[in-house]
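Q: Quick paste of what TrEMBL says about this protein:
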- Glu135: active site (ACT_SITE)
- Asp24, Asp134: Mg(2+) binding site (BINDING)
- 403-414: compositional bias 'Basic and acidic residues' (COMPBIAS)
- 20-215: domain 'UmuC' (DOMAIN)
- 256-280: region 'Disordered' (REGION)
- 372-422: region 'Disordered' (REGION)
- Tyr29: site 'Substrate discrimination' (SITE)
Amino acid sequence: MPSGDATLPGVDDERPDQIVLHVDMDCFYAACERLREPQLRGEPLVVGMGYEPGDDIGAVATASYEAREYGVESAMAISEALDRLPRLDEDAADPDESAGYYRPVDLDFYQSVAAEVKAILHDCADTVREVSIDEAYLDVTDRTGWEVAEGFGRHVKNRIEREVGVVASVGVAPTLSAAKVASDYDKPDGLVVIEPGEVAEFFAPLSVEEVHGVGPVTARTLRELGIETAGDLAAADPHELVDRFGDRGRELYDRARGADTREVTPTGDPKSLSRESAFADAVEDPERKREQVRALAEAVATRAQSKGALYRTIGVKAVTPPYDVNTRERSLPGPIDDADLIEEIALELIAEFDDDRVRKVGVRVSNLEFPSGEQARLGGWDQDTEGDDSEAAGRQAESTTDDPDRSALADDRSGQSSLTDF
Ligand code: TTP
Ligand code: MG
C-alpha cells in the first residue's frame, strides 16, 4: 500500500502555477431576505415553501445559521422544519423565543442580488466559472501571488459585503476541488487558503464525505472497507478501489489525494480563443518574448482553424510583476483566418513591452465568426472534462471569454489591466 512518505501524495498532480478562488455565499436566500428586511439579521430564518396554514407540502430552500441550530436544513420537508422550529407569530405582543421567521422563495430577487455579486467576481478575475446562483470559481493566477493570496481573497470578500451587503465564504487553492473544500471549511464568513503542496495534507483528516463525489452510500461502503477519512482513501490501494467501484474508484482516489488538473473554464458561449504561457522567472529579453509569442500565435491559429473560426480582433497580453495584466489588441476590417497575420500583429503589439520584465505572455483572437454555422464545442469547456490542450508544456491554457462588448472594439484599443480582457 503506498504510504506517501517519500513524496507528499497529490503534489505532482497540482498545478502550483494556478491560483483558484472559490466563492460560495452564506445561506444565500436568507441573506437576500435580510437585505430587504434588516430586522431579520441574527434571527432564525427559514426560506421555503408550504408553511402557510393549510398548505403543508413544500421544502426548505435554505435556513439561516441561527435556524440551523434547531436542526433545520436545506431540502428538509417544511413540516419537519416547522416541528423543529415553529413559525413565529410576528404580530404577537410577546414573541416566542424558540420560534423562527419563515419567508417564501423569491427567485427573481435572489437572481438580481446574485447578478451584483457576479459582476464583482468578473471584476476580480479574468476567468470566472459560475456554477450556481451563489457559487463560482475564479482563476486569479494573474491577479495575485501565493504570498498575498489571503489578502486577495479578503479583498474579494470585502467587496461583496461592502457593495452588495451579503457575506461570502472564500477558498483559495491551487486546484478547483481544493478551493471548494477551502470555501466550505470555515463557513459562514470563512476565508481559507490552501497553498500548493499542502492540499493532500489539508484533505487528510477530512471525513470521506468531504471528498467530491462521495455520497452517503459510497461513504458507507468505504467505511466497511475501513476507510474513514480522505487520508485513508488517499492511502488505500487504488486497485482495490477500482475493483470495488470501477473507474470511479480511481477518480475518488485521485480526488482524495488532491489531484485535480482541471482549469477554470468560463461559463457561457466562447467569444475568443487564447493561449498563454508563463516564464519561470520574469523575462526582459525581447527575443525570448517574441519567440514565445510566435509559438502561441501558431497555437491559436491552429486552434481557430480546427474550430472553423474566423476572427476580427487579434490581441496580446503581457503580465508584468507583480500582478499587472496589460492587454493590447487590434481589430481588422473584416473576419479572417490567417496564421501569418496573427503572428505579425501579435509581434507588433508585444513590441510595446520590449523593455519590460514580463512573467507571462498570451495571444488571443476574438470577434469570432463560425461561417460553417457549426460552432464546435471547445475542448476544456466542460468543467468535468479535461481540455485536449490542457497538458501542453508550461501553462499554455486555452481560455475563452464571454464579453459581449468585444464586438464594439475600436482599432488598436489598449487597456492597462482592463478587467474583462483575456
Ligand atoms: P447552498 O450554497 O448550498 O446553501 P446556502 O447558500 O443557503 O448555505 P451555505 O452557507 O451552506 O452555502 O445553496 C445556495 C442556495 O440555493 C440556497 O440559499 C437556497 C438554494 N437551495 C435550494 O433551494 N435547495 C437546496 O436543496 C439547496 C441545497 C439550496
Ligand atoms: Mg451558499
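We count from 1, first residue shown onward.
Using the three backbone atoms N, Cα and C, a Cβ is placed for every residue, glycine included.
Tell me about the setting of these features in this model.
A: Its Cβ placed at the centre, Glu135 (active site) has 17 other Cβ atoms within 10 Å. Under the three-state DSSP scheme, Glu135 (active site) falls in the strand class.
For the domain 'UmuC' (20-215), the model gives a mean pLDDT of 95.
According to its DSSP assignment, Tyr29 (site 'Substrate discrimination') is helical.
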Q: Going by a 10 angstroms cut-off between Cβ atoms, which of the binding-site residues Asp24, Asp134 has the sparsest surroundings?
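A: Taking Asp24, Asp134 as the binding-site residues, the minimal 10 Å Cβ count falls on Asp24.
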Q: Out of Asp24, Tyr29, Asp134, which recorded positions lie by ligand 2, with a C-beta less than 6 Å from some atom of it?
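A: The qualifying recorded positions are Asp24, Asp134.
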Q: Just how many other Cβ atoms lie inside 10 Å of the Cβ on Tyr29 (site 'Substrate discrimination')?
A: 27
